[in-house]
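A short worksheet on the structure shown next.
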Amino acid sequence: MQRTMLRGKLHRVHVTQVDLHYEGSCAIDQDFLDAAGILEYEAIDIYNVDNGQRFSTYAIAAERGSRIISVNGAAARCACVGDLLIICAYVQMPDEEARHHAPRVAYFDQHNQLQRTAKALPVQMA
């Protein structure tokens, strides 16, 4: 059996620009992609914390160190500059491998500064 697992996550990044007329995709600072292990042209799901929109696109690299998160093409209708996003990439793997899998998670502050990375998500407490 194959399972779909979280592979990489950018947690709480802010949109820096939107471009409705760009060909599509989401441009992401190359440092951010590296931190979460997301590759250029990889499929990503984006969850907009501010408006509840959930949409899929693919990642393209923005200039390293730029802190850019640019939502482009039709997806630009799903976000505004300043919106808070969670960006995820997933992987399929065999059940046995999935049981030992740990995602790469990158956490950001309100200025899109990388704060830390982790190989697991915290346990949610009651």
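Residue 1 is the first one shown; counting continues down the chain.
For all residues, glycine too, the Cβ spot is worked out from N, Cα and C.
According to Swiss-Prot, the feature active site, schiff-base intermediate with substrate maps to Ser25, an assignment based on sequence analysis. The 10 Å shell around the Cβ of Ser25 (active site, schiff-base intermediate with substrate) contains 19 further Cβ atoms across the protein chains shown. A coil conformation is recorded for Ser25 (active site, schiff-base intermediate with substrate) in the three-state DSSP classification, outside any helix or strand.
Among the features that Swiss-Prot reports, pyruvic acid (Ser) is placed at Ser25.
Residues or ranges marked as substrate binding site in Swiss-Prot: Thr57, Gly73, Ala74, Ala75. Around Ala75 (substrate binding site), the same-chain residues at least 6 positions away in sequence with a Cβ under 8 Å from its Cβ are Gly24, Ser25, Cys26, Ile46, Phe55, Thr57. For the recorded site, Ala75 (substrate binding site), the DSSP three-state label reads helix.
As annotated by Swiss-Prot, active site, proton donor applies to Tyr58. Taking all protein chains in view, 16 other C-beta atoms sit within 10 angstroms of the C-beta of Tyr58 (active site, proton donor).
The substrate site, placed at the center of the C-beta atoms of Thr57, Gly73, Ala74, Ala75, has further neighbours from the same chain whose C-beta lies within 8 angstroms: Gly24, Ser25, Cys26, Phe55, Val71, Asn72, Ala76, Arg77, Cys78. Looking at the residues that bind substrate per the record, Thr57, Gly73, Ala74, Ala75, the two CA atoms farthest apart are separated by 10 Å.
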